[in-house]
Amino acid sequence: MSETNAVSRDASGADGGATLGRREFFRVGAGAAAATAGIAAGSGTVAAAYDGWLEDVSNYEGTVDHTGEDEVTVTVGAGNGLLFDPPAILVDPGTTVVWEWSGQGGQHNVVHADGDAFGSELTEEAGYTFEHVFEEEGTFPYSCEPHETVGMKGVVAVGSTDDDLVEPEGGGGEGGSGGGDSNGDSGGGSGSANGSGGGDGGNASAPASGGVTLSGNDLVGIGLTLGFSAVLFALAFGNIDPEE
């Protein structure tokens, strides 16, 4: 079957689904490969922040922006008991950072990794706190000495950071009510759209049964271009045309 015939079959809707030609299929595959490469590159950038100090910290996803706050609390012994949460924070000069022990993971301490700017005693007492006021701008990596090798590390960035910033947990709470209004408005809009274009909507929901029309030659091309996993995808979801 030629590509032209495949497109004509789409338009007629004879099999109830949309069918991609080979060019469209390869464009989709190439786009997916590029997106995957971009994600991998982005992850590497985050891991390289702070000279790689946090690259083995499992709950690190960026620096939490706590600027504008007078006091910030970091949990000691979070997650599996061997993490700081959040592991990286950005604060203003003059901010007090309070580390609070969860009582999990054994004995912990908080020690400045690049000097002696701050340091706590070693304890496993739940509710124990240690605090330090960060007066000067700079980057202050720290760790729990007994568990540094398993990734119990953190960073306090004061004034600025080159890392990706993320919002504190619960920081978007006030925006929730706005989201409710938006959902209400969009709900009304979808009702109107469904009423006026019901026929089109029915056609749009069908492509899942149509799949991708491919020949044996197409499978070879896919294998060479995108790898064996793409061939498995085509076999599972495509309509193979033996005539081409």
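Keep in mind that glycine also has a Cβ here, set from the backbone N, Cα and C atoms.
Annotation comment: TrEMBL describes 169-202 as compositional bias 'Gly residues'.
The average pLDDT the prediction assigns to the domain 'Blue (type 1) copper' (72-158) is 98. For 72-158, the entry in TrEMBL reads domain 'Blue (type 1) copper'.
Residues or ranges marked as region 'Disordered' in TrEMBL: 162-206.
Among the features that TrEMBL reports, transmembrane segment is placed at 219-240.
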Worksheet item: Using DSSP, what's the helix, strand and coil tally for the domain 'Blue (type 1) copper' (72-158)?
Response: 6 helix, 44 strand, 37 coil
